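Contents: one structure, followed by commentary.
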Amino acid sequence: MGKTAYTINGSTNGRDEKKVRPDDKMATRLDGNDKQQQQQQRQEVSAFRRILPQILASTAKNFLLLDLGMAVAFPTIVIPALRGIKNRAPDEFLHFTPQQASWFGSIAYICQPVGSVLSGIILEPLGRKRSMILVNIPHIIGWFMLHFAGSLEEMYTAAILLGLGVGFMEAPIVTYVGEICQPSIRGILTSCAGVAVMLGFFMVYLLGTVTTWRTTAAICGVIPIATMIAICFVPETPMWLLSKNRADDALKSLQWLRGWVSPKAVEQEFQEMKRYSLHSAKCAICEKSGSTTTCQHPPLTEWTKLKELTRKRNLRPFVLVMLFFVFGQLSGLTGMRPYLVQIFQAYGVPLDANWATVSTGLLGLIANIVCMVSIKFVGKRRLAITSMAVTALSCISLSIYAFNTFPPGWTSFDNHPGTSHITSMGYIPMVLFFMLAFFTSVGVLPVPWILLSEVFPFRNRSLACGITAALHYVMSFVTTKTYFNLESALSLPGVILFYGVMGMVGLAFVYFFLPETEKRTLEDIELYFSDNKRKLTDIYIPRRNRDEEMVAVVSKLAEKAMEKQGIDNAVFTEGDK
């Protein structure tokens, strides 16, 4: 019927009606039925009811991220206690040397890649929901091992279990939230992940200040138990169920996620999902041939899936996210995090070092809330550019302050007799550290994780997310483990200057190569990265599929045009007319 579904022919002010062709009458009638059906869907559920189940499902998933944040932050309170710097219990018998502390602060990161790769492999057969339940088991064991630890070997073993658990979490968490959310709220709900992680940081920093690290570990052990219970009440993603030919279960899941509605209310979205799932299930041969039938070739093996990752539509998003992760790791805070207490002491901030660390956790939590609220309006690209610029400038300013204030060779690992000669201006580095903590959590850390849930094709999403997360944690291990060596070689101001320079390089990368994915569907993003003719600096993603908000705007404009006079839709050419 071509353009006729969008053609308005009528008369106003008593004029005679124009003649309408039979196919135009049919199209107009169908168009009216579609509008009536959309109105019925909107009347069936309110906007709040449509969003509420997606919020509930994301919240259950965020318990995993709360536990993840606690696991990553835990060395920050253990290292100063076992090195005798701060908050050491009188009956504590364990002790860390600087080298042992560097291993405890980084050993979890080197184990996380193993968990990330394995999670990407088991995610497809088990599904997102079952995977998110099972990943809690290593953390339950690890937390209680830390609470009862009687030797450094037990502490290292517990750290390894926590690292494996964190790695197992990545792929199911990232893919789950990306597949259950509508495009208009996907950015907000994905950014909630950062809020949960930073809440975990803040809780551990606070607990480590007011109680011992052993008690903190016992309290943290309750979180994965509660997480397993919460996830039992949320549905599996419709996309995974469709990939397993469970269409009825997928429809029920979508009904739940869109406000506990009737099948008719989600019929259009479900048909789009089925079409996308059918397209994603095609092998490379069927895709190139343009076949419209179901792919009859045998399922892809794990080796074939790995080879599939070398295609440009997978490589380009992989390089984009991986480089963003690298520059985020080298922006300063990640490498310094396990040693924040002693770094604050070395800078002589006019606040107790433990409470200064708690403040950075609180600022990170607030920053992630700001990210969650503003990402829909500001976009991921602007958040990333702003946060990367401020973190780089904060590190450079901290290094300039230190070079002009500290004695030569000043490091945070040395026992200095006092910091009285710098405390008179200690508020300057304190403000700069707080700026670094805030803007790191606004965009530098959360944005690449949000992108990870969006940029990979559905066919390879699980494995690609697992491998990318694994490499991210390898980089985290390198950054954290080498911090002691870098500071020993370059001094404290030297290593922070290095982080500042890398932040400026990261700013240039984000500005020239990072596209804006906000308010784009997963299909729009996949088509963008599949375009082999597109230049790397072409960062605009066309919106081929409009979401409900755009449909509402177009319908409203059409109704206004109908009130005035009959006109032909402008998007069609004269030849179509």
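Cβ atoms are placed via backbone N, Cα and C, with glycine included.
Quantities reported herein were computed from a predicted structural model and do not represent experimental measurements.
Quick look at what TrEMBL annotates:
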{"type": "COMPBIAS", "residues": "1-13", "note": "compositional bias 'Polar residues'"}
{"type": "COMPBIAS", "residues": "14-34", "note": "compositional bias 'Basic and acidic residues'"}
{"type": "DOMAIN", "residues": "55-518", "note": "domain 'Major facilitator superfamily (MFS) profile'"}
{"type": "REGION", "residues": "1-42", "note": "region 'Disordered'"}
{"type": "TRANSMEM", "residues": "63-82", "note": "transmembrane segment"}
{"type": "TRANSMEM", "residues": "102-123", "note": "transmembrane segment"}
{"type": "TRANSMEM", "residues": "132-149", "note": "transmembrane segment"}
{"type": "TRANSMEM", "residues": "155-176", "note": "transmembrane segment"}
{"type": "TRANSMEM", "residues": "188-207", "note": "transmembrane segment"}
{"type": "TRANSMEM", "residues": "213-234", "note": "transmembrane segment"}
{"type": "TRANSMEM", "residues": "315-333", "note": "transmembrane segment"}
{"type": "TRANSMEM", "residues": "353-371", "note": "transmembrane segment"}
{"type": "TRANSMEM", "residues": "383-406", "note": "transmembrane segment"}
{"type": "TRANSMEM", "residues": "426-451", "note": "transmembrane segment"}
{"type": "TRANSMEM", "residues": "463-484", "note": "transmembrane segment"}
{"type": "TRANSMEM", "residues": "496-514", "note": "transmembrane segment"}
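Across 102-123, 155-176, 383-406, 496-514, stretch 496-514 shows the highest tally of CB pairs under 8 A with the transmembrane segment (315-333). Remark: the transmembrane segment (463-484) makes no contact with the transmembrane segment (132-149), by the rule of 3 or more CB pairs under 8 A.
Most Cβ pairs under 8 Å with the transmembrane segment (213-234) belong to 132-149, among the candidate stretches 63-82, 102-123, 132-149. Between the transmembrane segment (383-406) and the transmembrane segment (496-514) there are at least 3 Cβ pairs closer than 8 Å, counting only pairs 6 or more residues apart in sequence, which means the two stretches are in contact. Across the residues of the domain 'Major facilitator superfamily (MFS) profile' (55-518), the predicted structure has a mean pLDDT of 85.
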